[in-house]
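Residues annotated as signal peptide in Swiss-Prot, with sequence analysis given as evidence: 1-19. Look at Swiss-Prot and you will find 20-1084 tagged as topological domain 'Extracellular', backed by sequence analysis. Under the heading repeat 'FG-GAP 1', Swiss-Prot lists 21-85, citing sequence analysis as support. Sequence annotations record features per position, and here Swiss-Prot assigns N-linked glycosylation site to Asn108, Asn136, Asn313, Asn580, Asn788, Asn851, Asn1026. Taken from Swiss-Prot, the feature repeat 'FG-GAP 2' applies to 111-171. According to Swiss-Prot, the feature repeat 'FG-GAP 3' maps to 180-231. What Swiss-Prot lists as repeat 'FG-GAP 4' is 242-302, and the listing cites sequence analysis. Here Swiss-Prot flags 307-370 as repeat 'FG-GAP 5', drawing on sequence analysis. Positions annotated as repeat 'FG-GAP 6' by Swiss-Prot, on the basis of sequence analysis: 378-438. The repeat 'FG-GAP 7' feature in Swiss-Prot is assigned to 448-510. Taken from Swiss-Prot, the feature transmembrane segment applies to 1085-1106, supported by sequence analysis. The topological domain 'Cytoplasmic' feature in Swiss-Prot is assigned to 1107-1139; the stated evidence is sequence analysis.
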Amino acid sequence: MRECIISWTLLLCLSCVKSFNLDVNAPIYRYGPSGTNFGYSVAEHFKGDKPVMLIGAPRGESGQTGTERAGAMYACDINTFYNGGSNHWCEQVRFEYENVEDYAKRPNETRGRTVHPLGKNDQLLASTIVSKGTKNGSALVCAPLIRYHQTAAYPQGACYELESNLRLQSTYATCAQKNLPTTDRHNEYGGCMEGFSAAITQDTIVTGLIGAVKWTGGVFAKKSSANIFDSVVEKYTMNQPNGDMIRTRLVAHDYLGYSVDIGRFGFWYEDGKPITVVSGATRYGEHGAVIFLPFIQDSSSKLTLNEDKFIINGTAMGSAFGYSIEVVDLNGDGFDDLIVGAPFEHRSGIDGNFGGIVYVYFSQGVQRKQHESHLVFHPPKILKNPDFYSQFGLSITKLGNVDGDKSKLNDFAVGAPFAFDGAGAVYIYLGTKNIEKFRKKPAQVIKGNDLPNLPPGGMRSFGFSLSGGSDMDENGYPDLLIGSPSKNFVALLRSRPVISIETKHKMEKRMVDIDKGVNCPRGAKTCFPLDMVIYVDEETKRGAELVDFSSDVFMCNLEAIPFRADTTARGFIEGSHSHNYSWPCGSNSHVQKRTYRQLIYLPVQESKDWITPLKFRFTVSIRNEKKPVQPPQGSQLVDLKHYPVLNKYGASYEFDVPFNTLCGEDHTCQTDLSLKAAFKDIPLTSNGYVSNVGEKDYLDLTFTVENKKEKAYQANFYLEYNEEELELPQVQGSKRMIAETIGKNIVHLPLGNPMNGASKHQFTIQFKLTRGRTEGIGKALKFMAHVNSTSQETEEELKDNKWEAEVQIIKKAELEIYGISDPDRVFFGGKARAESELELEEDIGTMVRHNYTIINHGPWTVRNVEAHISWPYQLRSRFGRGKNALYLLDVPTITTEFTDGTSEVRKCFIKQQYEYVNPAEIKLNTKYSTQETAPHRVEHRMKREIDEDEEEQSDDLGAVEENIPWFSTANFWNLFAIKGGDGRPREVKHLSCQDNTANCFTVICHFDFIDANSAVVIDLRARLWNATFIEDYSDVESVKIRSFGKLQLDESQGIDDDPNNNAAFVETSADPDRPTIGDSRPIPWWIYVIAAVIGVLILSLIIICLSKCGFFKRNRLDQPSLYTAQLKHEREEWADTGL
C-alpha cells in the first residue's frame, strides 16, 4: 500500500512538471462568426494601457457598403464573454478610413487612391495583424488582395498602421503609392499583394509583397524616430535595376516577402542605427531560403543584399523553408537569434518520422567584419515533431520570459496546427544562457483537444496563428494567444506564477567506498548517506508570497534511475527499501536552505559494476497542488496568482554518484587486458588448423588472460562457437572458474571484479564434437573469443583483447551402396496382351523388386545424403517413346533402421511422378506394397545371420544361373537351346541406362541423416512388361535388365568418404519360357531319340510309383505351363486376401 501511494505521488509530480506554467485549465475563449476564418491572425495589443486581443476574420464582413467578404478585425477585452451576443464580447474595429462615415460609401466612391468597384471583395482584410505588444504601442493590419485602378483590378495590397487606440494613422500601398509600373500587369507590379506578411517594432515597419514581378516577391521597410528632427527612411526591393544584386539572385515565383522580421545579429554594418531586415523566400531554389537585407539610413531607397550576398538556404525540396520566421534574443547576449520554420519538410530515420522542421540559428554574439557574414550564426539547432502531417513550424512567436527565470531569457512557441490528427498543438521552448544546453525537447506541449469545455467535434487547426510576449492579465508573466481558424476559435492561455526553487545534493565524501559502508542494512554490499538540499532562489521570490512556508509545502521525491539507456537503476533508499522514495518537505525554505538526509545502499546482487556511477533524480512539487477551473460565461476571471507552479528545471535535478575504484589519483582505472589462445594437439598448417578426428572426439582450447595495468572491474571472458557441431563446453583445470552459457553458442567466464593488475588466468575449455542426428553439417569450426571490463583501455590496448580461429574438422564415415534383384531371374511367355486388356497388376507380368542397401560403416553420422537411381522403364526407341520394360508400380520407399531400435518407412521423390509410376492406372495388389510408417521398434537379426545372407547373394550379377534349380524346365531347354540351328550361340541382350539401350528416369531418395553403423533400404517394386518381351525378345537367350544407383554427399560436411563403393547396379535376367513359345529353329534328330528314350523311362518310373500310391484313383488336372502356373498361383493368393 505504501509503494502504491509513493507511485501515485511520483506520477502527480511528473505530470505537474510536464504541464509547466501556461495554464490550460482556465483559458479565455473567443468564438467568432461561422465561416469567417475567425482566428486566422491574432495579436496581443494594448489600447493605451488596456490589454485587448486583436483577432482577424479575413472572410468576414467589413460592414462597408458594396463589399462582400472583405474581412474584419475584432478587438476583444480580457473577460469571460466567450460567445457573441453580448456587448462585452468583442468590438469590430473599422479602421480603413479616417472617417467612419466612409463605410457607408462604395469603395470606388471614397477619397484617396482609386479602388476598383469590387476591389474590396475577398481582399483578406486582417489576414495579417501585428502589434508592438506594449502599452500605447501601435499595430499594423493588412489586406493583401485589395485591388486598385478604376477599370483594371490590380491586387497590389495595402497595410494600415493603427494608433494604440486602433485609429488609422497611415496607409501603406507601396506599389501603388510609388507608381511602380503595371503595364505588363503581374509581370511587373500589378499584383504586389502587400501585407501578405508584416512586422513591427518600436521604430520600424516591414511588409512583404510576395506578388511583385511575377511573384519574385519584395520587401518594404520604413524606419522612423520619436525625435521629430530625425528623418523617416523608406526602402524597398522593388523597381531595382536589372543589375542589382537582389534581381540577380532571385527569379519568378521565389516568393520573397512570405515572412518578414527585423533584428541585429552581428553583421558588420549593424553598428549604431543600421538594422537587418530578414525575409523568407519559400520557393527560392525549390527549397526555400532566408534573405538578409541591410537597412542603412541613407538617402537611397534601395533595399538589397549585403556585400557578400549572404543567404541561408533550406535543405529539402518543397520544405517551404522560411514560411515563418521569428527574431528574438534567446541567450541574453544582446544579439538577436533567428528561428526559421520549414513546415513541409519531412524526415524519416531510425528515430522515427517527422513532419515539419524548425531551425534555431544562435548568433555568435560577435560583431563581424565585412565579408564575414557566414560567421554570424552558429550551426542551427534542429527541432522536429514526430507527427508526420503536423506542419510543425507553420507559426512561430516570441513569448518573453514566460518561465520567469532570473536571467530574464526570452522563450518562444511553435505551432503545429495539424498535429494529433488535425486537432493541432503548440510547443513551448525555453531560452538558455549556454547554447550547448539548449533543450530541443519542449518544456510544454499544449494539445488543442486537451482544452476544457470544447464544443462538439473537438478542435481543428489549433496553433495556426500565434502571438505572445505581452502580459495580458497583469500578473507579471507574458501570455500566449492562439488561433484556430477552422473552428473560428481563439484561446488566450495565461501564465501561472512560478516559484523558482533550486535543488542540489551533498555527500560526506566525493565518492562511495566499495567495502566501507557504516550501519548498512542487512544484505547490503555498501551504503552511504546522501543529503538533499532545497531552497527558494532569492532573486525570484515573487511567487514565494503565494504559498504558506510555515509547514512542509512541497513534496520531495528521490529516485534511482539508469545511468544510461543500456543500464538499469541501482541503489536502494532506506526510507522505502526501493529505488523510489517520497516525503513532505520545504518548510521555511524561502528563508533558508533545507537539508534532508537519506541512506542509500547497494544489495549484494546489484554490486557488480563499480565503474558506472549511480544516478539519481531529485524532484520537488507543490504539495496538494490546486488547479484552476474555467469559469462560466460572463463570470469573473480566475486569478492565477493563487495557482503558482514550480520552475520547470530547477525543481527536477539529476546527478551522479561515483565509486572509489582505488585506481590512482584520478580514480579512473586504466587497465590493459591481453588474451592469448592455443589448440592442444592441433598444429597450425598453411591451410590453417586442420584436425582429423577418429576415436578422439573432442577439442581442447587453452586460454591465457593477463592484466598488465590497473584494476579491471567486471572483467569477463566470452567465447563464441558453433553450437551445431559442438556440445556444451567444460572448463578444465580450474575449479574456481565456472562457465555459464549465454544464448545457444556463447560461453562466459567471469575473471574477477576486479581483476587486479599484474594478475593472470590460465584455463582450458574442452568441446566435444556432436555425434548422431543432431550433428552439424561439418563446416569449419569458428571460435571467437574476447575479454573486456568496465575499466578504460586505449584503442591500441584493445587490439589484443580479441582472438579468432577456424578449425577444419575432417570426419571419417564410410558409406557403401549395393543392390539385389528379387528374384534375380524371371521368365516371360504366353500370349502378348494389349495394355487395354490389363486389369490387375498380375496381368502385366512377373513382379520384380530391386532393393538398394546403403550402409554407413561410421564412425560419424552423415547428413544430407541422396541416392539417385536410374530406372529403365522403356526400351530405347528412335521414335521417342519406347515399349514398356520394367513397369514401376509404386513410388519407391526407404526403410530406415536406426541405432536406437526404431525404424520408419518414407517415400522417394520422382519428378513428374504420374508419368512414370503406374501411368496406366492398373489396379494394384496392396499385398505387395510397402507402406509409409512412423518410427517403430523392429527386431534385428544377428550380424552372423546377415553375413550368411550376404554370402548367398552373388556379387557377380552375370552368373544368375547358379541360383536356378537344375531340374527346372527352363534349365532343361537351355541345355539344348544354347546354339541355334546354324550352330551359333543364342544372343544375350542388355537393357540399361549407361549404354543408352533403355529410356530411364531418376528416382531421388533423400536422407536427412544416416547414423553410424546403420543401414537404409530402398525398395523399387515393378513388373516385367510381358508383352514387350514376347514381341521383341522371344528368340534371344536372355535379357539382362539393369538399374543403376549412385550416392551424392553434401561436400560442405567435411566428411572423408571413399567414393569407390558409392555406386552400384542391380540386374535382373529375363528369359523366354520355352514351352509356351514356338521355337522354329530346327532340332537334330538324335535329340528327339534321346529325349524319347529318357521320357519313356521317366514316365514308366512315375507310373509305377503313382500306381503304388493310389494316385490313379483321383481326378487329375491337366498340367499347365510354368508361366501359366505362376500367374494362377498369384491370382489364388490375391483371392485369399478377400479383394
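Glycine is no exception: its Cβ is also placed from the backbone N, Cα and C atoms.
Worth saying up front: this structure is predicted, and the values here are computed from it rather than measured.
Everything Swiss-Prot records as a feature, shown here on the structure.
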residue: Asn108; record: N-linked glycosylation site; DSSP class: helix
residue: Asn136; record: N-linked glycosylation site; DSSP class: coil
residue: Asn313; record: N-linked glycosylation site; DSSP class: strand
residue: Asn580; record: N-linked glycosylation site; DSSP class: strand
residue: Asn788; record: N-linked glycosylation site; DSSP class: strand
residue: Asn851; record: N-linked glycosylation site; DSSP class: strand
residue: Asn1026; record: N-linked glycosylation site; DSSP class: helix
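The two recorded residues, Asn788 (N-linked glycosylation site) and Asn580 (N-linked glycosylation site), show a Cα separation of 32 Å. Counting Cβ pairs under 8 Å to the repeat 'FG-GAP 7' (448-510), the stretch among 21-85, 111-171, 307-370, 378-438 with the most such contacts is 21-85. Nothing from the glycosylation sites Asn108, Asn136, Asn313, Asn851, Asn1026 places its Cα within 10 Å of the Cα belonging to Asn580 (N-linked glycosylation site). Of the candidate ranges 21-85, 111-171, 180-231, 242-302, 21-85 has the most C-beta pairs within less than 8 angstroms of the repeat 'FG-GAP 6' (378-438). Across the structure, Asn136 (N-linked glycosylation site) and Asn313 (N-linked glycosylation site) are spaced 38 Å apart at their Cα atoms. In terms of C-alpha distance, the listed glycosylation sites Asn108, Asn851, Asn1026 place Asn108 closest to Asn313 (N-linked glycosylation site). Here Asn1026 (N-linked glycosylation site) is positioned 21 angstrom away from Asn851 (N-linked glycosylation site), judged by their C-alpha atoms. Sorting each residue of the repeat 'FG-GAP 7' (448-510) by its DSSP state yields 6 helix, 27 strand, 30 coil. A simple Cβ count within 10 Å picks out one of the glycosylation sites Asn108, Asn136, Asn580, Asn1026 as the most packed, and that one is Asn1026.
Asn1026 (N-linked glycosylation site) sits 116 Å from Asn108 (N-linked glycosylation site), taking the C-alpha atoms as the reference points.
Counting other Cβ atoms within 10 Å of each Cβ, the glycosylation sites Asn313, Asn788, Asn851 show the lowest value at Asn313.
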